[in-house]
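These notes are about the structure you will find just below.
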Amino acid sequence: MNIFRLLGDMCHLVAIIILFLKIWRSKSCAGISGKSQVLFALVFTTRYLDLFTSFISVYNTVMKVVFLVLAYATVYLIYLRFRSTYNSESDSFRVEFLLVPVAGLSFLENYAFAPLEILWTFSIYLESVAILPQLFMITKTGEAESITTHYLFFLGLYRALYLANWVWRYHTEGFFDQIAVVSGVVQTIFYCDFFYLYFTKVLRGSGKMTLPMPV
């Protein structure tokens, strides 16, 4: 454990809590992509199956359980508790275009052809693209509430800090996880335009972040 990973984990947790509280307090999931949240729940499910097979530390176990509980609680709020506020028409990204290639790649590029290893690899690849339905939804509607952009900012910051974590581990331990690093870089790239808009618009006091509408 190093400071970059710890801060990354905290940013990840803050992002999920921000989203959950936003939906719970406003009793609305307007502007939130349910598809992205289902994909993230799938990411955690396939990645944390080792909860049943190995114990690393109390911190590791608690964080995994918290992420799983919050992920499924968020999906519950979107699709059941506040379903009437969910905008399914705007949340129209074709997730099969993500799931099929990711599943295929996880069978082709992995560290060991074993069920848990393939599922772990699948989760890494899927996490790198799971945010796309949310970004697509924001682009389609043309705007995002500030609280939603805060959620996305902390998610992006989490990935950036994990990149720093991998650089640190490479220089201090000689450790290099090619699958995680490449997927993390891809995921961080998706946030680049968002980061620019976040710093130039949201942090200057605008209630919503306005984006160009697709042609």
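All residue numbers here begin at 1 and follow the chain in the order shown.
Glycine is no exception: its Cβ is also placed from the backbone N, Cα and C atoms.
Per TrEMBL, transmembrane segment is recorded for 65-82, 118-138, 150-168, 180-199.
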Folded-back contacts onto the transmembrane segment (118-138), same chain, C-beta under 8 angstroms, at least six residues removed: 31-33, 35-36, 39-40, 42-44, 46-47, 49-50, 87, 90-93, 95, 98-99, 102-103, 105-107, 109-111, 144, 148, 152, 155, 179-180, 183-184, 186-187, 190-191, 194, 209, 211
Positions whose Cβ lies under 8 angstroms from the transmembrane segment (65-82), at least six residues beyond its ends: 12-13, 16-17, 19-20, 23-24, 27-29, 32, 34, 37-38, 40-41, 44-45, 48, 51
Could you give the residue numbers and ranges of same-chain residues that sit at least 6 residues beyond the transmembrane segment (150-168) on either side and whose C-beta is under 8 angstroms from one of its C-beta atoms? 2, 4-5, 7-9, 11-12, 14-15, 18-19, 22, 131, 134-135, 144, 176-177, 180-181, 184-185, 187-188, 191, 194-195, 198, 202
